[in-house]
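Swiss-Prot annotations:
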BINDING   His82, His183  heme b b562 binding site
BINDING   His96, His197  heme b b566 binding site
BINDING   His202  ubiquinone binding site
TRANSMEM  32-52  transmembrane segment
TRANSMEM  76-98  transmembrane segment
TRANSMEM  113-133  transmembrane segment
TRANSMEM  179-199  transmembrane segment
TRANSMEM  225-245  transmembrane segment
TRANSMEM  289-309  transmembrane segment
TRANSMEM  321-341  transmembrane segment
TRANSMEM  348-368  transmembrane segment
Amino acid sequence: MAYRKSNLYLNLVNSYVIDSPQPSSINYWWNLGSLLGLCLVIQITTGIFLAMHYSSNIELAFSSVEHIMRDVQTGWLIRYMHTNGASFFFICMYIHIGKGLYYGSYKSPRVIVWTVGVIIFILTMAAAFLGYCLVYGQMSHWGATVITNLFSAIPFIGNDIVTWLWGSFSVSNPTIMRFFTFHYLVPFIIAAMVIMHLMTLHVHGSSNPLGITGNLDRLPMHGYFIFKDLVTVFVFMIFFSLFVFFSPNTLGHPDNYIPGNPLVTPASIVPEWYLLPFYTILRSIPDKLGGVITMFGTILVLLMLPITDRSIIRGNTFKTLSKFFFFLFITNFILLGKLGECHVEVPFILMGQICTFIYFAYFLILVPIISMIENILFYLTNKK
């Protein structure tokens, strides 16, 4: 027996990375998992080095970031890798979620895999928001003020929760210090959840584009899919390097290069680009509590898919009707992100409300109805 199989610890690695049987029909969309793992490693590694030089004191936070950029050897590289790494993390995550929606990765027997993935998504958004606040530029300060104020919409205890989050009566030194603590902690929780994600995936193995059981035609991970993953890793690193070395501030916001000032409100308060769709949904609801519930509902509705999708065929590969509405949903989501950059004025308010309705209608109305129609068509075709 090979040593990698006889050794207790190497056998664990072997079963996940080397001899893990994968369906032979999986395409390059299945490579997003390895890219997300790479992004997580980049974020944790660069984050640890940044934490060595960062000061969480509100008076020194902005200056410490400038110190990293100017005085720390290769500090500019570490910071730009971390900031652009967050954007690439979300790009890969959105594509990964889109792949799961298109190919029905949420359907039984992989419901737990999907559920853990949604939890990872929520934690990643939390980590991104906390990290964005730590720079303590103008957008960091006002973003922290606006988002934490959302908890004041909770009846009876909302204001107490906001005061507890701030550690004071406004965003101040205790706020930044506790945000830094949680921002350092959450990535390790995400790493633990990723291990759980892999463990649950390992039970039934990966799905495939055909939507059928692939147990009859599988290949080992090493030698086939490891090399396939490396191809996309190299492509990823090329685009990542282009941003880090040639256009590092493109995905950021110019107002965040101004020190935070609670006495001056920016012309437009917007989060990072990867949170814009959810910000649009929040702004589309006139009622504060309703907007908060709707915003959190945009993520939690993903957990409803295993229930609302009643199709007997996994994935949209052979379903024309589902394909059309899926790409309509993707277009709508991109439009939500674009509307998040716009000011709250006519016609963007109405457009945001329409896009919000379409977003929820896809999961709660269109998916159940379309799956029922396609099931009926499938049965009628079989009878012929």
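Here, residue 1 is simply the first one shown, and the rest follow in order.
In case you wondered, yes, glycine gets a Cβ from its N, Cα and C as well.
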Quiz item: Name the residues of the same chain, 6+ apart in sequence, whose Cβ is under 8 Å from the Cβ of His96 (heme b b566 binding site)?
Solution: Leu32, Gly33, Leu36, Gly117
Self-check item: Pairwise Cα distance for His82 (heme b b562 binding site)/His197 (heme b b566 binding site) [Å, integer]
Solution: 24
Self-check item: Which of 32-52, 113-133, 225-245, 289-309, 348-368 contacts the transmembrane segment (76-98) most, counting Cβ pairs under 8 Å
Solution: 32-52
Quiz item: For the binding-site residues listed here (His197, His202), which one has the lowest count of neighbouring CB atoms within 10 Å of its own CB?
Solution: His202
Quiz item: Tell me which residues of the chain lie with their Cβ under 8 angstroms from that of His183 (heme b b562 binding site), as long as they are six or more apart in sequence?
Solution: Gly47, Ala127, Leu130, Gly131, Leu134
Quiz item: How many other Cβ atoms sit within 10 Å of the Cβ of His82 (heme b b562 binding site)?
Solution: 20
Quiz item: What stretch of 113-133, 179-199, 225-245, 321-341 shows the most Cβ pairs under 8 Å to the transmembrane segment (348-368)?
Solution: 321-341
